[in-house]
Amino acid sequence: MNIHEYQAKQLFRDFAIPVPSGGVADSAEQARQVMQTLSGSAWVVKVQIHAGARGKAGGVKVARNEQEVADFANAMLGRQLVTHQTDANGLPVNCVWVEEASAIKNEFYLSLLVDRDSERLIFIASAAGGMDIEAVAAETPEKIVHVKIHPASGLQPYHCRQVAAALGLGKEQQSRLQTIMTGVYELFLAKDCSQIEINPLIETDNGNLVALDAKINFDDNAVALHPEIAALRDASQEDAKEAEAKQFDLNYITLDGNIGCMVNGAGLAMATMDMVKLKGGAPANFLDVGGGTNKDKVKAAFKLILSDGTTKAVLVNIFGGIVKCDVIAAGILAAVEEMHLTIPVVVRLEGTNVELGLSMLAESGLGLHTAEDLNSAAELAVKLAEEAA
Ligand code: ADP
Ligand code: MG
């Protein structure tokens, strides 16, 4: 789960990570009011969306006076902002963050994430901050330092010295960096984050270190343990279909093909998508309806798969282990009938009560295709989708 920069900055503040003073606003008037509470002679107005690269896309503005703050807020609020991290539709701008402008001497990069290979948390830092870290990694990898933290030792002063040296920091700044790294590390563990990224972490003219940007991702499987984090969710920034899927406890990811896949179990869903690809087709989605699925979930899944009109055929591949095949068949029939489905549906069922399930489908008169195995099911779905397209 992602949150907005302004929410992340509040969490930073709670963990003693310095951030500029600022406030959030959902109207130009409010942006003006926030600015009046801040000191300084310049302010930065930043579009709040769940994507980075806002600066390059025109979503970050240095304002010299009240009018510029209000004008920029007016121009941005209510529109979609496209950055190279969003899709072509962009994300809706429902609020802006107004903060004091900092006098930047240096821009660094600092992040903490999970390194699956070493099974450790790893700090990644670079003196070449402020820009696209992927580009730095590709072109000048020597400018990036990696520091792994053993869970038994936790974060130690020497970890911070390693990062400080890589950033070329002096003695006094070293202790400021240690405060920041400690805050990041403790925040990461306390809230079950999967990534914290500060890009840029800046050195100001007077030598302070300040987090100018703040990005936090949380481990979805742990969000339920932190109601205060769950409350930060902004559904307007999420794929509408993926958000709806969550309500029905379905694992759904939108893809760009035209064969809708409905499968139970993530492993079987991956294998099904592979098979569709192997047969020359392209899946419209990843969908795991769960091991113990039921009629309502199957119906919700059909609705999701069909909601955007790009799907030309549906491939159902369900193993009746926990759930019986006749229950699945009843769910499919109810969904197809209720939704007056006209696109071809190929069903492959296997497991408990499979004969009963298949005969229910065959006798329904709804023109559903059944297949004996995944190989032939995928082949047929690809063929039918091609004919329909
Ligand atoms: P994004 O990563 O989405 O482009 P950032 O918050 O990193 O957005 O802002 C982009 C750039 O804008 C920063 O690299 C920095 O140079 C500048 N910037 C952001 N906030 C401030 C600020 N408070 N004062 C001065 N410059 C800022
Ligand atoms: Mg940034």
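The backbone N, Cα and C atoms fix where each Cβ goes, and this holds for glycine too.
The ATP site in TrEMBL is built from Glu99, Ser102, Glu107 plus one of Lys46, Lys56, Lys61, Lys148, namely Lys46. TrEMBL lists Gly321, Ile322, Val323 as binding substrate, and of Asn264, Asn285, Asn375 the one it places in that same site is Asn264. Checking the binding-site residues Glu99, Asn199, Asp213, Asn264, Ile322 against ligand 2 with a 6 Å cutoff on the Cβ atom leaves Asn199, Asp213, in sequence order. Less than 6 Å separates the Cβ from ligand 1 in the case of Glu99, drawn from the binding-site residues Glu99, Asn264, Gly321, Ile322, Val323 in sequence order.
Residues within less than 8 Å, Cβ to Cβ, of Ser102 (ATP binding site) and separated from it by at least 6 positions along the same chain comprise Pro20, Ile202, Thr204, Val210, Leu212. All protein chains included, Lys46 (ATP binding site) registers 24 other Cβ atoms within 10 Å of its own Cβ. Taking a C-beta cut-off of under 8 angstroms and a sequence separation of 6 or more, Glu99 (ATP binding site) has the following same-chain neighbours: Val19, Pro20, Ser21, Gly22, Gly23, Leu38, Trp43, Val44, Lys46.
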